[in-house]
Amino acid sequence: MAWLHTWSGLVVGWVLFAIFVTGTASYYRTDISHWMRPELSATALDPAAAATRAGAFLRRTMPDAAGWSIKLPSAETPAVEVYWWPHLDGPFHRALLDPATGEPARVRDTRGGDFLYRFHFELSLPPIWGRWIVSACAMVLLIALISGIVTHRRIFADFFTFRRDRSAQRGWLDAHNVVGVLALPFHLMIVYTGLVTLSATLMPWGVKAVYGDDVLRYYAEAGLATPGAAPAGGPGTPLPLGAIVARAAAAGGEVPEVMLVTQPGDAGATVTAYFEEPHGLAHLHPQIAYAADTGTEIARVGEAGAATRTGAVMAGLHEAHFAAAPLRLLFFLCGAMGAAAVASGLVLWTVARAPKGADPAGFGLRLVRFLNLGTIAGLPVGLAAYLLANRLLPDGLEARADWEVRAFFAAWAAAALAASLYPRQRAWALALAVPGCAFLAIPLVDAVLVGQQRFLAFDAAMGAVGVTLGLGSRLAARRKPAAARPATASLSRTVEA
Amino acid sequence: MSARAMPTLADRAAVAGRVLLAVFGGYAVAALATALLALILPGPRAEAVSAGTLASFAIMAGAVIWVFAARTLGRAAVVLGLTALLLIGALWLAGAFAHGAGA
Amino acid sequence: MTSAALILSLLLSFSGFAALALSLDRHHRAAYRMGVPRARVGSLRMAGWCGLGLSFAASIAAAGWDFGPVQWIGSLTGAALAVVAIIAFRPTWLRNAALAALPLAAVAVPLALLG
């Protein structure tokens with residue numbers, strides 16, 4: 001099983017590291033999005049009027065869409081986020097509207113925290129490919145966790161053990177064990193619930209066996225969605241969306257979070273109001289469906305049974321929407337420990353195979369070293385570049401959001417290539433110093449270019465990430481002389497002899 | 001680790017075989033078991049589907065671990081193949097193939 | 001209030017894990033420059049498990065049976081990481097840190113349960 005743990009962890013390690021880092025950052029997805037759209041600030045809101053205006057915008061933009069989705073403004077996100085799509089399988093268009101005018105908001109064009117969130121499970125690949133690759137890596141991680149538990153026989157005896165003053169291999173093994181074991185409940189939870197959140201793509205066979213291709217029927221019977229309505233075939237005369245928002249708010253006891261319009265160009269169009277999840281672990285949105293033309297209630301989402309609710313709790317645990325600030329911080333810490341477990345495992349692989357004496361390093365070892373440096377130290381450079389590009393790119397730039405993403409990948413690739421040129425003794429120290437400085441630059445750039453008080457906490461957090469990377473760099477710089485000392489000593493003795 | 005000794009071609013082939021068996025065999029067994037559970041678990045059918053789907057990844061993980069823990073590749077392949085055949089038989093009995101999927 | 005409840009279970013599980021760590025020869029040696037006396041193993045283990053148990057009780061009492069276990073497991077991870085860091089970098093501080101956490105926990109109790 002040690003063999004299985006080592007090699008399964010190695011082959012997917014680099015992708016897993018990126019998944020863990022971007023997923024952990026996604027715990028602060030809305031905060032990142034806020035920071036990246038500094039023009040938006042809280043204003044007095046009228047969600048019903050905003051919905052009517054958004055509906056008018058969408059009717060102008062794509063009257064014959066398969067669906068529209070309107071995320072109503074809230075104190076947290078004061079803009080109206082709309083999506084529209086010509087077919088169920090996309091493409092999905094998106095715009096951010098000013099709730100007061102119903103026109104695209106005068107905000108810098110950015111994908112905000114959503115880019116990191118989607119990268120976490122789609123890797124910026126076509127969604128189907130990305131999701132299968134991420135899921136395959138997650139399955140391998142599950143296997144690596146199980147085989148790791150079997151391999152690590154002294155889990156309890158070594159629970160608190162981190163011998164940083166012994167050999168490099170011992171130190172890395174201890175570090176790998178500590179971050180792996182202490183957050184083991186989180187690791188097991190996050191990988192299994194991650195697979196469950198993608199199960200509609202990965203494991204459709206239960207639904208297929210019982211419902212055939214009628215997936216929507218399963219969702220309706222399970223209590224996950226309201227049943228769909230058949231199109232009427234002719235154009236309808238829909239009510240203003242705001243009227244339905246008002247009805248939904250009266251019926252549901254609170255303003256809905258999202259309004260979903262299906263077949264908006266058809267007389268049989270339905271408007272489904274999605275409410276915020278009730279306080280609890282489960283990721284289940286109450287829903288009420290209305291006829292778009294008359295505003296009469298068609299259906300409410302059913303009560304989910306125990307198994308479906310268990311699945312919803314798993315999804316809820318994975319996304320941690322329920323977690324208030326302090327608990328969220330612990331989830332973040334656990335996610336960081338997951339990334340650290342992957343990273344330390346990757347480094348351990350190279351340390352354990354470091355050639356003794358003057359043997360040259362083989363191609364495999366050099367490749368793994370390069371990928372380790374390029375991923376573990378390169379990805380943070382990309383993240384910092386993504387945030388810096390948000391502040392530094394000119395507002396009017398064509399396809400500005402795409403340029404931010406390009407900055408992310410270009411900086412990552414450049415950092416990885418540069419790391420391969422560093423002298424090996426100082427490679428880690430240099431490779432970690434670069435993202436450290438880049439993250440430290442974020443608060444400075446923000447203070448100069450935007451300088452809003454509400455971003456102080458975010459900027460402080462970026463500074464803290466920079467300092468952490470800097471400490472890592474210092475640690476890497478200091479390790480080398482310690483490890484090199486006995487070698488020099490024996491060398492001088494040989495010379496004396 | 002004794003991997004310092006150069007592995008032979010047969011060793012490499014056996015490892016590749018286990019990986020392939022784990023990936024495709026493990027997924028097949030999990031998919032068949034999920035479909036079967038969705039059909040035969042008691043309670044509302046939507047609940048049976050949800051429960052079967054939730055269990056599927058544990059089933060796949062178990063199958064993969066078995067493939068790597070088995071003494072020989074042949075043994076792993078036989079056991080996994082028999083499991084799959086049994087599942088297919090049970091699915092046939094449960095009517096998965098009789099009147100087309102979906103009711 | 002959830003922050004106070006979370007801090008309470010963090011403090012209790014920190015003290016608990018510190019006691020459990022000190023009941024192991026290797027870490028006791030790092031903190032006191034001598035192995036753990038046989039007579040103290042039992043009481044340290046007992047104190048340790050009590051700390052973890054109290055931390056669990058505090059989480060459930062403050063956050064209920066749905067959020068409580070999640071908070072507790074999260075606080076176990078955070079507290080254990082702190083214990084490992086102290087043992088690795090300042091082992092002689094472990095005992096005092098564990099003892100100092102207890103009065104802080106006592107302060108957090110009313111905030112967590114009443115707030």
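Using N, Cα and C of the backbone, Cβ positions are placed for all residues, glycine too.
Fair warning: this is a prediction, and the values are worked out from it, not measured in the lab.
Per TrEMBL, these features apply:
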TRANSMEM  A:7-28  transmembrane segment
TRANSMEM  A:129-150  transmembrane segment
TRANSMEM  A:171-195  transmembrane segment
TRANSMEM  A:329-349  transmembrane segment
TRANSMEM  A:370-393  transmembrane segment
TRANSMEM  A:405-422  transmembrane segment
TRANSMEM  A:429-449  transmembrane segment
TRANSMEM  A:455-477  transmembrane segment
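By the Cβ criterion (under 8 Å, sequence separation of 6 or more), the transmembrane segment (A:329-349) is in contact with the transmembrane segment (A:7-28), since 3+ such pairs are found. Below 8 angstroms of C-beta separation, residues 35, 373, 377-378, 380-381, 383-385, 387-388, 391-392, 411, 415, 418-419, 422, 455, 459-460, 462-463, 465-470, 472-474, 476-477, 480 of the same chain, each at least six residues beyond the ends of the transmembrane segment (A:429-449), sit close to that stretch. The transmembrane segment (A:370-393) makes no contact with the transmembrane segment (A:171-195), as judged by fewer than three Cβ pairs under 8 Å among residues 6 or more apart in sequence. Here the listed stretches are A:7-28, A:171-195, A:405-422, A:455-477, and the one with the most C-beta pairs under 8 angstroms to the transmembrane segment (A:129-150) is A:7-28.
Within the chain, the transmembrane segment (A:171-195) has long-range Cβ neighbours (under 8 A, six or more residues past its boundaries) at 23, 121, 135, 138-139, 141-142, 145, 148-149, 152, 155, 158-165, 202, 314-315, 317-318, 331, 334-335, 337-338, 340-341, 344-345, 347-348, 351.
If one looks beyond the transmembrane segment (A:405-422) by at least 6 residues along the same chain, the residues whose Cβ comes under 8 Å of a Cβ in the stretch are 111, 115, 124, 370, 373-375, 377-379, 381-386, 388-389, 393, 430-431, 434-435, 438. Tertiary proximity for the transmembrane segment (A:455-477) is limited to same-chain residues at least six positions away from its ends with a CB under 8 Å from its CB atoms, namely 31-32, 34-35, 38, 380, 387, 426, 428-430, 432-433, 435-443, 446-447.
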